[in-house]
Amino acid sequence: ISVCDLPADRGQCTAYIPQWFFNKTTEDCEKFVYGGCQGNANRFETKDDCIANCGCNLPSKVGPCRVSARMWFHNPETEKCEVFIYGGCHGNANRFATETECQEVCDRYQKPGFCYQPSETGPCKGSFPRYYYDYEDGECKEFIYGGCEGNANNFETKESCENAC
């Protein structure tokens, strides 16, 4: 049984600790009060942690309403954040207002943040072959680095790029 299938469990103690759990019925992350001991693993400190663990692999869900809002969801098949049209009600936890928000939540356990930066030559005039991770294509590609500044998406070998991203 998956952590995400477990019910909210306050535990036996009487502390008042606001936490989040994934509600299998609503397919969303909801607040509950944890007592401080026992309970189960369907308990997260933040809503984003809950979504990252339980929501990002859900299919997009339009819902029955007809607002037609442009939203983003994490597509578990392509492992990318993609646009979908949300009806405005009864969706699920895999729904984000922006692509950046989707990436920050759903990719947090997959790739470091610098893997989403573009290649950056920098202001210097050198000509050093380097590799960067191209998030759109999901692969490491060669680019020319000028020798200074730039960003962290910059690797001397394709292998080191692939290991990092």
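Note that Cβ sites are derived from N, Cα and C of the backbone, with glycine treated the same way.
The protein binding site annotation in Swiss-Prot covers Ile1, Ser2, Tyr109, Gln110, Lys111, Gly113 and rests on experimental evidence. According to Swiss-Prot, the feature disulfide bond maps to Cys4-Cys54, Cys13-Cys37, Cys29-Cys50, Cys56-Cys106, Cys65-Cys89, Cys81-Cys102, Cys115-Cys165, Cys124-Cys148, Cys140-Cys161, an assignment based on experimental evidence. Annotation source Swiss-Prot lists domain 'BPTI/Kunitz inhibitor 1' at 4-54. The N-linked glycosylation site annotation in Swiss-Prot covers Asn23. Look at Swiss-Prot and you will find 56-106 tagged as domain 'BPTI/Kunitz inhibitor 2'. Feature annotation from Swiss-Prot assigns domain 'BPTI/Kunitz inhibitor 3' to 115-165; the stated evidence is sequence analysis.
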Cβ neighbour count within 10 Å of Cys148 (disulfide bond): 11
Assigned conformation of Cys115 (disulfide bond) - DSSP reduced to three states: helix
For Cys29 (disulfide bond), the three-state class that DSSP assigns: strand
Reduced DSSP assignment, Ser2 (protein binding site): coil
From Asn23, Cys106, Cys124, the recorded positions whose CA lies within 10 Å of that of Cys4 (disulfide bond): Asn23
Neighbour count (Cβ, 10 Å) for Cys37 (disulfide bond): 11
